[in-house]
């Protein structure tokens, strides 16, 4: 649990920073029959990123990485909007989009597990080709639709709560149940630790890997529906652009090692919330656009440094405080690659 | 193992480049190198197919080339400078009569433009400029004047509020940071409204020219600035995203918050006709006919002005209702 301390501290600090610029930052009110406020915005606009990051967490836990999720986001939104614009009906549109995403994810998993291509290359193919596919679906245009039912997915409300937040809670719940209440999480971690040893121990490593890539693509697909539904249009060029990098960052901030073998879902959610809060903070406090990226980079660097036990030890030692001679429990966990979320 | 991987990567990349090419449909109209005596051959290196605006631009060029009797060789650079340089080099090798292109970025064109100059092929820039000091590298630059667009937007605002003494709180959604349209639309707008201290830009942030970012940034603006009178968005798409944010905050776009945008694409014009946007400054992509006229003059060796501005207008809500049905893009 201590691993989540620092990301949580950073999140609270970022939120607190906003109070100085926007006094009403923490006020949540009901307006037009739904919740309204900056905190709701952070959850609502962060929902797609949280979803993509959950999928990415599992992939990274197997020692892989998925660069294609941004393109999958674009494809999913594009296909759903195209179907709706052709009057295919909402269930059909959503099913077709998510079905295609599953196939694309399974393809990624197949390249990694069965063909043996390194994950970064295997998913790079779909990252580039997928953007092209999304543009092909939208014919290079922005498809604008007007479907109140589709609008609910990313921009609507259910019992005053933004629907996207409910979707995230559901997906998070299902994933946490499957990986932490059933053995699946342990199997994923074991494949990430050593795929060959896992196979010899009787775990179907290939199946697990294909499954995590497929579920990452499915999460990205749902995120794609949300993003396109939020603005009632599909933009093959820009939807989900660079979201894979934000997702990887969220996973890393959350304390999941890129080497694979262990993962923390709650850490990932915290990481994604930090990134979205940072974005909202930049808009609220009025950082000039020219310095936005630099500001983000500085905060992320600070977050990463503060999370590193060895950096903390060194920084505190330099100031002459008593430094622990024994590694802290946290470091032992990191070194031993054990631990659960 | 490595061989196997690289073979697969190669196969993947080939497949991918085939897929990626699907975006731009109008590829070259065949033919063995131009330079015939009577018909003009033009090589056109397009940026890509990144927006409805761009697609309309491509169509305009292709159609007006056909009707002007100019053989068009068209390439789509997928928003990459190296692809455009490659395309221009191949046009030079094919000895086309004139090269036209919309530079993806402003810098880095001198070497390839020098090659064209040495091959005595005239170059026309369309839509976007290059920042080269050597203006002999191209004959003319045909495109919109983004500063002028910003001024038109500012002028409407000044006229709209000429009887009011109260402070007018403005929020601005900028285009992609550092891009010429974002810089120029911002400075042109500021130049006009800056004359009167009652106009105050209280927040300005980039929305990357996209609807999703426009909505997200506007949501944050609405929370941190409770009193917003006017929104100025550097393109229609960001404005459309912001409209959703404004509606979500329980305000009426076009009434509680007046909205000015630039571009006049179809979705934007629809919103203007519906009264959700108050004023749109046109940034026309239909520069094909003007381009073909210039090309003919340049090939004949006639003098052309170094800067030609696209013919553009502005739209109010009433005008939008009238022209909506006849909009091509």
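Note that Cβ sites are derived from N, Cα and C of the backbone, with glycine treated the same way.
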Among ranges A:23-41, A:42-60, whichever one TrEMBL labels transmembrane segment: A:42-60
Of A:179-197, A:293-311, the range TrEMBL labels transmembrane segment: A:293-311
Feature contact check the transmembrane segment (A:267-287) with the transmembrane segment (A:67-85), CB under 8 Å, 3 or more pairs: no
Leading contact stretch, A:42-60, A:91-113, A:157-178, A:267-287, A:293-311 vs the transmembrane segment (A:239-260) - CB distance under 8 Å: A:42-60
Folded-back contacts onto the transmembrane segment (A:267-287), same chain, C-beta under 8 angstroms, at least six residues removed: 3-4, 7-8, 10-11, 14-15, 17-18, 21-22, 25, 38, 41-43, 45-46, 49-50, 53-54, 56-57, 172, 246-247, 249-256, 295-296, 299-300, 303, 341
